[in-house]
Structures are given as C-alpha cells and as structure tokens.
Amino acid sequence: MRRLPLPLPLLLAGLGLGLGLGGEPEPGAPSGAQCLEHDCFGVFWSALPFAEAGAECQRGGGHLMTVRSTVAEDAIALLLQNRSGHLWLGLRLGLPCTEPTQRLRGFQWVTGDRSTDYSNWAPSRRQCGEFCVTVSRELRWEERPCEAPADGFLCEYNYGGSCPRLLPADGLPVAYTTPFGASVGDFLALPPGSTAVIAALGLELHCEEDGESGRLRWGRPELGPWSCRLANGGCDGTCEEDSGQARCSCPEGKVLSSDERGCRSPCAGAPCQHHCVVAGSTFLCMCEAGYRLAADGSSCEDDDDCAVVPSVCEQVCVNTEGGFECHCHRGYTMVDGHCRALPVSRCYKAPCEQQCEEVPDGYRCSCFPGYAVDPRVPTRCVLHCNRSQCPAKCDPYTLSCECPDGFVLDDADNGQVCMDIDECNMNFCQHNCTNYPGGYECHCHAGYRLIDQNDCIEILEEDREGAYSGDFGPRPQTPIPSQIPPKAKHLHPGALVGITVGVLSAALALLALAYHLVRKCCRAPATMDYKCSGPHEKEMGLQPVTSGCAAASQKL
C-alpha cells in the first residue's frame, strides 16, 4: 500500500469520495468505494461465504482486500461509516491450525504471500480447520469458519495508473462510473475504463490510454476539444472558443496529435530512418556519417567514401556500410594511418632447418625446444639436452627413438629416456676429467699440457720459458741456427767431465720418453678407449691398441 501525504481520513472525508452518499447502488455494485492513484476499495453488504465473496471481487477485476498498513485500515473505517457487521478480508488459513505467535497467525493473503506491516487481531484461542478472517466496525480481525456467511466483504482493485478527477466549471455536475460498478459520489482519481458523464453538456468522457503518448487521459471518440469550461476542453495546450466552436493550439515546437486535442513533437512518429530534427512545425530527416539521405527524404543509403577524389586512402580503399577501410599493397604495412614499406626479409630464403630470426646484419638460425644449433653446420639442428636425463625423441609411427650425442637410450617407468654417458668413468682423460651433459673435458696436472683432447705431456724446460699456462700450448719456438766454431781448441779436463754428465742426462731423458710412450700406447685392456673429436662431440670407437704398441716399439 502507498502512504498519502495527508492522513487518509481527512483527505478523503474532505472530498466526499464515494462513501455511498446520494442514492442506493445498483445490484452487484459496491455500496461505497474509494479510489486513490493506483488502488480502489469497495464495500459490499451481501451475506456470502468466503469463496463466493472472493468470486464477486474477481468478477469486477479485483480480489478480497489486503490490509498491510494503517492506510488501508483508514480506508476501511471510512467505508464502514460506523455500520455494524463483519466483512470478509483476503486472509485464509494456510496451515492446519492457527499459530497465535505469528503476525498473521498462519494465515496468508489471497494474493499468495504473507507480507504485511500491520495486524489487529482480536483475542482468540488456537483453532484448527478451514478458517478465514473478517473485520468489524471496531477494525478488529476475527477468525471465522470460511463456509459460514459474513455480513459482507471488502474488495480491492489495483491499476497501473489513473485519470484525475475532472474539476467542474460553472457548477456543472459530473457523474462517474468505475469498471467495477461504483457510480455514486466523487472520487480523488478514476481507474482506467471509468466514464464521466456531464449531462448539462451532453458529454460522455472515458479514462483511456492515449494511442500516441501512451498516458492515461480523458477523451472521447470524436475529434477535437469539448467545451473549454470543462478540463480545458481536453487540450494539452491552449483551448480557445470562437462562435461556440472550441479549438486547441500547441506551443512552439509542438503540433496537434491525431485526436486534435493533444500536443506532440513533429518528430513523434516521423518516418526518419536515422535522426529527426524539429524545424518549426515540421521536421527534417538526417543521416549518420557515411550515409546520405535517399530520394524519399526519410531513409538513408550508404555513401561510397572510396569514390571521393582525391582518395581518402594512400593505397587501397575498401568501402563498408556507413564507412570505409584503408589497406596497403603487398610489401607494405599500416603504421599510424600511413603505408610504410616492409624491410626485406633475409629469412625468406634462409636455409635454416627449423627457425629463423632476423638480425640487423642478416639472419640467425635457431631451433625448437629440445634441439640446439649444430656447431659444425649452423643451419642444422641436433637433439640437445642440458640435463643428465631427458625424454627421448621417438617417432610415433616407427616407434624408433633417438638421443642427443653423449646420451644412451634407456627404458623408464614413464617411457624412453636419454641418459647422459659419464665419460669420466671410462678413463678417457689421462689426468683429470670433468663430465657435463653430452660431453666431457680433460685437464692436466701442473707442468703438463693437453694434447689430442685426452692426453697430457710434460712441458719441457725450453717450453716453460714461453708465456703460457694451463691447457694452452706453448708459443711457437723460433729455430736457432747452429754455428760452426771458427776454430777447434784443446779442451780442459773439467770440460770433459761436463760433457760426460750431459750425455748421461740425455740418455736418461730418452729412456723416460720411451717409457712414457709405451705406457700411453699399451694401456691395460680393461680400459675402454674412445676417440672424441671435441669436448662437445662424442664418437664411440675402439683404438687399435696393437698397432700403436708396435709403433712405440719401433720408436724405441
């Protein structure tokens, strides 16, 4: 229920709204009625059971009254007019028995809900069965068997809007009739479907929806206004009478509607496809950008922007519905609305096996995950693994698997895997060895240098004079030409001793070198010797031990 700005009894009593004054009602019509903006209430003094009373309310388009606030209570007080009796309300027990602790005691409204901000129960005990609720002159709610007749009932009618009460002029009386049959007294507002009869003018008006504006207003089937003395003749603008003939006029920017009483915008109902602009008492149609007005003056058709000279695009123009798009020729790209030439791609003809990357000075080949660029052929890719264990690369059709160099294929719970070969356990290196995924690297003790990637030889005294260290070789030695002494001289006995010591030292050095060669070539058979071309490559192959030993023996 909606609350009124003033107390309902004062507002309605001051207007004398449909209280049953002025004659007896017709059969089936309410004895009294009250109408607000969206709601009407009627009182019927007919002794009927609850179900039949509800059917009578539905016949008029309503239902038994719901009392959810004090506003509805005030309406009941005015409708009863101190008349004694019990009237059905729209409450029916929704439980097997009443529940005195609940606000509605287990009852629910005929609208199917239990929402309310108000109740006014008379004292009673818990009861079970088919019970409904009546209201008395004291406005107390009482439980009553639904099959027992009450003295009357109250109906409620709800509407989406209403027409205002017509203000009579020159004492002209107006008689109203509502769609639920109320026809006595005056009303604050009239629901849709109501009629107003002004007998002195021979005029009958109807509260109905305006077909153009969609609002409720008083009207009649005939075109044009009625007497300007009553409700401005129904004109939205100005009502003027000339020689007893009424005429409506509208303010600037408005025109008369089809009933010649209402005022509307000239664009209301205009056939413009896009936009309508008011021009005095008429209208103009306009189109959005990219369209032009058709010959009929109301519809819009696409404007070919690409036909404009000079062209709106630098290279290629494509017309679209209501617009256009600019494109570039092959070899160009759009940059900030302009076509710019694409740089020449060196990857277009690059021999890269898998991927190619543009770089300022050319191109660079790269590989997919799990592969690495072949150091011997930079355009090719080889399997690569930087861990001690990686999944094998298997062909789903042939079921064959392969591994990167330096790995061996092995079976695991989750499939074929590649396991790194630990070359350091194979005694590849003569001195120290460092293993890494897919390869290994040899290191020599201090005073030795690495040769052939695996072996170490002692750094001679004359090599130590060069500036090198670690695994790097000595600097190139410049041969010193031998010199023939210009003249032989007799040697001192001490010189002979020195020569003898030198010869013995040379002999010992040759014996040490021979021992080293024999130890190198004639290694124990239990050791597997492999030949590798580089620290990043592994080629498994047996060394010919016998021929090597024979060569060493020949040298000795």
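Each residue, glycine too, has its Cβ placed from N, Cα and C.
Straight from TrEMBL, the features:
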type     : residues : note
DOMAIN   : 36-147   : domain 'C-type lectin'
DOMAIN   : 302-340  : domain 'EGF-like'
DOMAIN   : 420-457  : domain 'EGF-like'
SIGNAL   : 1-22     : signal peptide
TRANSMEM : 495-518  : transmembrane segment
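Taken through DSSP, the domain 'EGF-like' (302-340) splits into 3 helix, 18 strand, 18 coil. With a cut-off of 8 Å between Cβ atoms, the residues of this chain six or more beyond the domain 'EGF-like' (302-340) that come close are 288-292. In the domain 'C-type lectin' (36-147), the DSSP tally of helix, strand and coil residues is 21 helix, 32 strand, 59 coil. Secondary structure of the domain 'EGF-like' (420-457) per DSSP, as helix, strand and coil residue counts: 4 helix, 18 strand, 16 coil.
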